[in-house]
Structures are given as C-alpha cells and as structure tokens.
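In what follows, a single structure is set out as structure tokens and then discussed.
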Amino acid sequence: FNKRRMVGVRFVLADYGVSAVMLVVSMAIGLFHALRKSSQETSIDDFFTGGRSMTAVPVGLSLCASFMSAVQVLGVPSEVYNHGSKFIYMCLGQSINSLLTAFFFLPVFFRLGITSSNQYLKMRFGRGMQLLGSIQFLVVTMLYTGIVIYAPALILNQASGLNIWVSLCSTGIICTIYTTMGGMKAVIWTDVFQTCVMLLGFLAIYIHGTILVGGPGKVLEIANNGSRINFDDFDPDPRKRYTFWTLSVGGALVWLAMNGVNQAQVQRYISCRTEKHAQWAVFVNQVGQYMIVGSAAICGIVMFAYYSDCDPLKSGRIASPDLYVPYFVLEIFQNLPGFPGLFLACAYSGTLSTVSTSINAMAAVTIEDLLKPRVQHMTQKKLLFISRGLCTSSPVLYGAGCLTLAALSSFLDWGVLQGSFTVMGVVSGPLMGVFTLGIFIPASNKLGAFCGFMVGFSVSVWLAIGSTLYPPSRETMGVLPSYADKCPGNLTLTPTPPQDLEAISVLHHNSDQGFVKIKNSWT
C-alpha cells in the first residue's frame, strides 16, 4: 500500500522531551499500581476489574479516554474542516447512548456480577452465542486497534519523521508493561492522565491558532462565510455522511455498540464499587466526551479559518485529509519548540489509552469466555499467570491486524475516523442487536438471536461494500468547498524520477526563507 512521508519539518529535542515525559508518566503509573498491590490482591477478578473498588470519576475519565483515541484527535478536526460544525451533533447521539447505557444495559451486567459481557449471552442464549460474541469482540477489537495504532503512527511519521516501526513498537511495549504489571487499576489511572494531556493539547492548538487568525470573532466570521457554521442540516438523505439524523440517531446506535455492550467498557463499569458509581461514571464519561469532541471540533473550525484561502490538500502540501492536523500543528508552532511535542503527546495519549484497554479486555475475554470453562480446575494463581501472559503476547496478534487493516484502509481510501466507524458499525452493530433482543424481549430465544445476528451482519456488510465500491459524490456526501486560489506564489512542485511504485510526499519547510516547497518523490 502507499506510504507517504512528510519530512523537512523535524521535531527538536524539546518536542521529543515533552512526548517522552508523557510516556514516562504512563509507565510510572503502571509501576506504582504494581508495587502497591497487597498480597491479597492476586485474584483474576482483581486483575481484570480492579477488585471492583473503583469510584466514578477515574472510571468515567477512563471510559472517555478509551474511545477518544488518536483516531478522534486526528479525524474529528479534519471532518469538521470538510463538513462543518454540524459534526458536534455527534454529542447528542452520545448523550442518548449514555442514558440508555446507564439505565438499561449497565444494571444488567452489574447485578449479574460477571467479568465478561459475553457471559450474559451464555446465560440468555447458550454457549454457542457466547462463543460467537467472544470471537466477534476479539476480531472487532483487533481491527479497531489496528486503525488506532497504525494509521496515526503512519500520519505522525509523515509529520514528524518518527520512524513508523519505532512508533508501533514503543506503543505496544509501553502499553504491555503498564497493563501487565498494574492490571485494570493501572489502565484506569493512566487513562485519567492521558485524558488531561489530550485536552491540554487541544487547548494549546485552539489558543495559538485563534491568535494567528485574528481572534475568536474573526474565526467565526471566516467559518460562517465558508459555510462551516451549519447546524441547520436536517436532510434525511442517508447517502450524506453527516446530518442531524445520521449524527444523532445513527451516532447513538454506533456509540451504544461501543459503550453499552462492548467488553472494554463493560469491564470498567463492573470495576466500580457500586451500581450508582458505575452510572455516575457513564455521565462523567459523557462530560469528558463533550469536552474532547467539542475541543476537536473547535480546532477544526480554527484550522479552516487559518487555511480559508489556501487549502493545503488542494495546493498539494499534504496528501490526505488525515494530515490536516499534523501539518497545521507543525506550521503554527514552528517557532515554539515543545508545542509540536505536546500534540504528539496528545495523539499518543489517545492511542495508549485505547490500546491498553484493548489488551486488558481481550485477555479478559480469552480467559473468562474461552479458557475458564475448560480449565475450571485451575487455581486463581495459575489463571492470573496466564492472563499476564496473554497481555504480554497481545501486541504480537495486533501486529498482523494492524498491517492488514492499514493495507485495507489504504486500498479503500478510508479516513481514520470513517474507518473506525465502519468497523464498529459492521461488526459490533449486529451483536448489540442480540444484547438488546435478550434484555428487552423476554420471549426471544436462541434461534431468533442467531437469525437476527446473521441477517444484521449480512446487511451491514452489504451496505459497507456497496458504499465502498460505489461511493456517492463529494457533493452528495456534503463535502463543503475549500479554496487554494490565494496560496503563496513561491509554492513550487519539483518532481524527481520514480524508482518504484511507493509514492511519498516530501515536505520541506524552511522558516528562515519563509516559503514551503513540495517534492513528489518515490522510494
């Protein structure tokens, strides 16, 4: 698949220092929780649920960080840049999801005292449905985490010159260490720290970008003139990517599949000391999502105002919409060492939080759903040893999934945000329907659940393949116009002879000379 790299604007020592501090703190949190464990905290339940002793605020922030990954850090501003501020209606869909989760789904899992959400499927529809749910979760988590790890690593490689394999390996190693040593408590408290880093990164981008544009009033004026303030889109056309209906109703269903029944989230709910704490954690999560999605959307508006006369994608300075944010950050902070590193820390905070959660959740599903029923004679000590081993080996399994997903995403021309939504919608949506059937329809049985799942999955795959092979036009999808008619006259394109088929874009940014020069080359 195509690899593109932007070089020339390199991180300085201060940038790497800021990023390194974030990674070291994440590691330190895991080590702290590993060292402070008492001799009694050695059960498998404690490793996966934190001893069911956590309170609402840290769990809520952990819930927020888990799915507010680098996909959102990079993808949301880009989507707002191209489609306008109506993307914020996604928060309405998230709110509907939070109410349904807190009052209908969460109480079921919490009162049953289970560790894996798929254990409910066994109680309701039998062992076969539990296995189907477990395999589905492992597949979708690997696919989603593949996007989370690989795509942002590729984009940051283009923006900073950071070797992509260094990025992949460091993410896997760091997450493995603090997840394996500290268990669920380390995951939760590290997520709290990483949520704060994400918000701080967005705040820095918003403040400095707004100052460069000319203030908040100027940003709103330019955005409004460019049709980016567009909360009045109630078009029912399902081919349009973002409208009030797709973001509120469709968004509620997507987020319900992510938050209502997904093992990674359910595992955090049941780590709370009481059901009330778990419900409040859902609402703390919602407030955190408001802040992160809102911050990312505002940064997208500021980015459009900054590039209103010279779109970097149309002018050839970047090769993909997912590169808007890295390019924007490197340009506005080129004379402020350390701030590009804060953006790198912001993006990787989202990645680390998601990957650590995925590692722990996949290990929990493997132990509770696949191994435990067959090795009931094993002691808690042996099961705990196996769990730690699974957490250690999970990144190896993710590697294959990451590479496969990266190649597939490149072939399908998906953006990181659209790719993550597609994976969740196609694979998780039908299983969410099975949980809903079991909880709300007492008369439903095993046959109905299996038939419903297969029909839902088939229709979802058909829609995903159809929309990929026969995509609607940019106008139908609602992509707003952007312009490159006032780009600097000293922007030049200099081709070099091709050597093979892997095209890369090379950015040379010389702040002393005050111009940008693009080279298209092949390596």
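Glycine residues also receive a Cβ, built from the backbone N, Cα and C atoms like all the rest.
Noted in TrEMBL for the protein shown:
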TRANSMEM  16-35  transmembrane segment
TRANSMEM  56-75  transmembrane segment
TRANSMEM  87-110  transmembrane segment
TRANSMEM  131-156  transmembrane segment
TRANSMEM  162-179  transmembrane segment
TRANSMEM  242-261  transmembrane segment
TRANSMEM  282-307  transmembrane segment
TRANSMEM  385-408  transmembrane segment
TRANSMEM  420-440  transmembrane segment
TRANSMEM  447-470  transmembrane segment
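Count of Cβ pairs under 8 Å against the transmembrane segment (420-440): among 16-35, 56-75, 87-110, 242-261, 282-307, the largest is for 242-261. Simply put, out of 16-35, 56-75, 87-110, 242-261, 56-75 has the most Cβ pairs sitting under 8 Å from the transmembrane segment (282-307). Long-range contacts of the transmembrane segment (87-110) within its own chain (CB-CB distance under 8 A, at least 6 residues past either end) are made by residues 76, 79-80, 117, 120, 231, 242, 244, 247-256, 258-261, 266, 269-270, 272, 275, 278-279, 282-283, 285-286, 289-290, 293-294, 297, 300, 435, 439-440.
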